[in-house]
Amino acid sequence: MSKTNPKANKASGLPRKRFYRARAHSNPLSDSHFPVPISPSHVDYSLHFPHYFPSVKNDDKNNAKVFFPKASSKKIQFADIGCGFGGLLVDLSTLFPETLMIGMEIRDKVTEYVKERVLALREGNPGQYQNISVVRTNSMKYIPNYFEKGQLSKMFFLFPDPHFKEKNHRRRVISPQLLDEYAYTLEVGGIIYTITDVEELGEWMKNCLEGHPLFEAIGEEELNADPVVKLLSSATEEGKKVARNEGQTFLAVARRIASSVETEFGK
Amino acid sequence: MEEISIEEVENNDRELLEVAPALISVHPFEKSVVVAIGPELRVFDLEETDPMNIVEAYSNVLTVLCLFLCFCLDRGSRQISIVDDSGDPLHSHSIRAICFGANGSLFASAGDDKLVKIWSADSWKCIRTVLSEKRVSAVAISHDGLFVSFADKFGVVWVVGFGGDNEKNKAAPIFAHYCSIITSLLFSPDGRFIVSADRDFKIRATVFPRKPLNGAHEIQSFCLGHTEYISCLVFICTLEYPKGFLLSGSGDSTVRLWDFTSGSLLSTCEVGVQAGLVESNGKDEVLCPAVTDICASPDGSVVAVAIQRQIVTMGDIFSPTSLDMGSFGMHIWLVTGASNLPSFDSASLACVKVVSGFQKDSPHFTEHGPVMLENNDIPGGDKLLETMQGSISIENERKALGTAIEAVKKAMHNLLIKRQYSDEKREFRKRGRNDRKLKQ
Ligand SMILES: C[S@@+](CC[C@H](N)C(=O)[O-])C[C@H]1O[C@@H](n2cnc3c(N)ncnc32)[C@H](O)[C@@H]1O
């Protein structure tokens, strides 16, 4: 794979971004043309995390099948939505080495880049980076196809496309309606992280989260103690660009809380 | 060459999209039947002039039997002229969704003209007209009759409060399927959940809160397993499981049974295969006829499924566009027909049939199972047919009807099936898009 990748940097083995440049924006409203798993149980973990989910192998000598049972119960717990070139995943990978995480990205070439990047990292650092992967998908449509109810403990939305025009607000990845789906996907206590350098969008995301009955804002103190928060503005390609230009960033982080409706019915 | 043909297909598509299937809905206690065809609502009263207490009849099989005999002997049945003196606009385009409320006092109709009209199912007066921003694709009435919920073509589900202080309130968006067409909307038997199904193979059960106008944010489950658009939903309830089970029909030619509180798929019925309708065209492709509608007796002892092409009974080839069943589970009411055929100027065509004989105590019960009733035996008889179909006999219209049904089939296919374009076609489509042209 990356051994023969002509697009890789000869010295580091890492893929070079310029070969994977793509259109700046994708239209999330258009029909999909990539495979979508029918349900979360159809997601092929052995494809993404072969170290934890080896596909069933045929041992040549005795023709016996070798299983690795320890892996079976592990599930993806972090999702980076619109992960771009994958910088956050790479940093999180070593910070939470036993947590499975996935990036979701709608642009084909960018997704390919992240795939190559992860493979190269795995190769260059044996035993590491086995817990991160990427899928090409439209997160606005297919999150329930990937994750069960309450499966995720963290969701990231870093520097999402701003869609300034009022009539395009429905294309924003944070909206009151989509937060319903994110709340479904996050376990109670799970955390949603958002950051942007566009003030108006930052305001919008903050308002959406504060207005949603299944999320509560996380206080300053707790934010400062959370090691993940520092990565939000420094780990991704977009974050680095903003930092280089000494741009301002706007952060909104919230926790998934239990519903009051649920208790109303005594369930 | 290639490019022209794509353009042509697209234009044809647009015309076909306008063709809407005829719909049928029967009052929960079979007090009346409604057929919607194009912008028209055809209502027929099945009650005697001296209406008996249907609710009482419901709890008593003997009375039900009497009621049934009444249907057959009854000559008092009549066409109802629906009254809309509300001053609000009338339906002007195809009606896409109709339903009765659970207790039978309300009826709702909605469709391409962006109107949601709510009717008294007793007086057949229009009580309320709600303007939607977009075309409406599904509608449901909450069991307490206090809320009407509808879904638009962009996947947004709205609710209007009804009665009391809610009278003046506008429709409020309560949740959304992201940019998908919602095909069906339904309240769970206990009224705690609202279930919505869409073109993207998804069924979503959402907690319907006490104050729904603030939004319905809590998703109970997604029922995932279908491999094509979902066309229809119905609940069945048993004494042991009063919460109910959900049944869904799909373009993938199956009907699936769900525990909707957990989203678990309990069973899959390959209806197309069972009906012997799945064909292979010799190559790799398999043609699976879509399930277009489903209805069930409340206890689930009878479930009827409409498949494109033909209904799986009676040897009689009749391909219903819509079907329904009252809560007695005595008759399946079927309609087939279409609105707005671009090339026809004649009145919209519909054909109504009734299937009966599921219950041992039914006069139509035979050893061979349910039968399709002769026109004379249909509750309401000729008068009903005249009202619903436009004429007592549609024998002479068979061919036209066949064309109409084919058109509906195509239209539904184009509306709901996900198109798979080759990469070249995709590129071409992109280049052809106006917004891109401007930029270049
Ligand atoms: C401005 S970039 C930010 C990327 C990355 N998070 C970072 O901070 O560098 C936004 C990314 O979201 C992706 N995206 C936009 N809409 C999406 C969708 N509906 N599903 C998945 N990814 C999407 C875009 O392709 C783009 O790569």
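Here the Cβ of each residue, glycine as well, is placed from N, Cα and C on the backbone.
The S-adenosyl-L-methionine binding site annotation in TrEMBL covers A:Gly82, A:Glu105, A:Ile106, A:Asn138, A:Ser139, A:Leu158, A:Thr236, A:Glu237, A:Glu238. Of all the Cβ atoms in the protein chains shown, 20 others lie within 10 Å of the Cβ of A:Glu238 (S-adenosyl-L-methionine binding site).
Under the heading active site, TrEMBL lists A:Asp161. All protein chains shown were included, and the count of other CB atoms within 10 Å of the CB of A:Asp161 (active site) stands at 18.
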Tell me which of the binding-site residues A:Gly82, A:Ser139, A:Thr236 ends up closest to A:Asp161 (active site) in space, Cα to Cα.
A:Gly82
Greatest CA-CA distance (Å) over the residues A:Gly82, A:Glu105, A:Ile106, A:Asn138, A:Ser139, A:Leu158, A:Thr236, A:Glu237, A:Glu238 that the record ties to S-adenosyl-L-methionine?
20
Cβ proximity for A:Gly82 (S-adenosyl-L-methionine binding site), under 8 A, sequence spacing 6+, ordered by residue number, returns A:Met104, A:Glu105, A:Ile106, A:Ser139, A:Phe157, A:Leu158, A:Pro160, A:Asp161, A:Val173
Let's check the environment of A:Ser139 (S-adenosyl-L-methionine binding site): how many other CB atoms sit within 10 Å of its CB?
26
Out of A:Ile106, A:Thr236, give me whichever of these binding-site residues has the highest number of other Cβ atoms within 10 Å.
A:Thr236
